[in-house]
């Protein structure tokens, strides 16, 4: 049964990205004002943090600036191409590509939250960030990391329904459910990021204000606190287990059911076709959780700030840059849409 078409006027990928952008803009304005107002009482203790980044060697900083500027441009342009290709091709207005478009928009926002500030610091040789800006950045990083986590789970559910319940796919993965899954992912991520970042306002800081990363990560900020961080650490661990574990469990369950069904297919061609529809998503999931696990292991076995900074790049920069290549190279429909898009642009010019 063909995948349900998502109305271009109601739930097109472009409108989804625009709606998501509006909601995230409102959230950012509210969070910045709230954190700024609530953080005034703590300004007597700390006014800014220092982001140590990847290196303090002045000779390497121009090279790092060029490298991360290139990575940022590739990330933004690659994900924009995915969004434009999906929006311009009505054949791709299906649930799977709706979630892919939302994921690409999330990747752009994630990278924009961290890399531009790093580029400014490298260019100005000033690694400071204000107290309010640091907590706001930590909040937004949590938001987009959580949103990407939830979107990957929603995409796994879409693949589960498409392969294990093909006759019900049109009824189950209807436009209303797609919007509800996107809004639920956004609301859960918002609640998690606000809860963790706003509770950090109660912490007091002393003189050691150096963060061994190129952006403000909440766990690193909590480690710098002079006051008792027990409540904050407890919330971080609970949130990691709930908001990280539940989507991962959903992904594992979906693919367990998919593998179990596909393995019983008598036709090798049918098995290959079923697995080919999941290949790109499995690659992105493996990259996202693999880099996150690598960061956790590296932080557990080493106390080197330099290694921690390099590990942070692996999960906050690399997946967002690689995702467009994975989906464009492993998906024939995306290849056709990108070819059509590139051929259309010269004609318009």
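Cβ from N, Cα, C; glycine included.
Sequence annotations record features per position, and here TrEMBL assigns transmembrane segment to 59-84, 96-115, 135-157, 177-205, 234-262, 274-297, 309-329. The annotation domain 'G-protein coupled receptors family 1 profile' is assigned in TrEMBL to 78-327.
Within the chain carrying the transmembrane segment (59-84), a Cβ under 8 angstroms from the stretch's Cβ atoms is held by residues 13-14, 17, 53, 100-101, 104-105, 107-108, 111-112, 115-116, 118-119, 122-123, 125, 317, 320-321, 323-325, 327-328, 334, 338, 341, all 6 or more beyond its ends. Across all of the domain 'G-protein coupled receptors family 1 profile' (78-327), the predicted model scores a mean pLDDT of 90.
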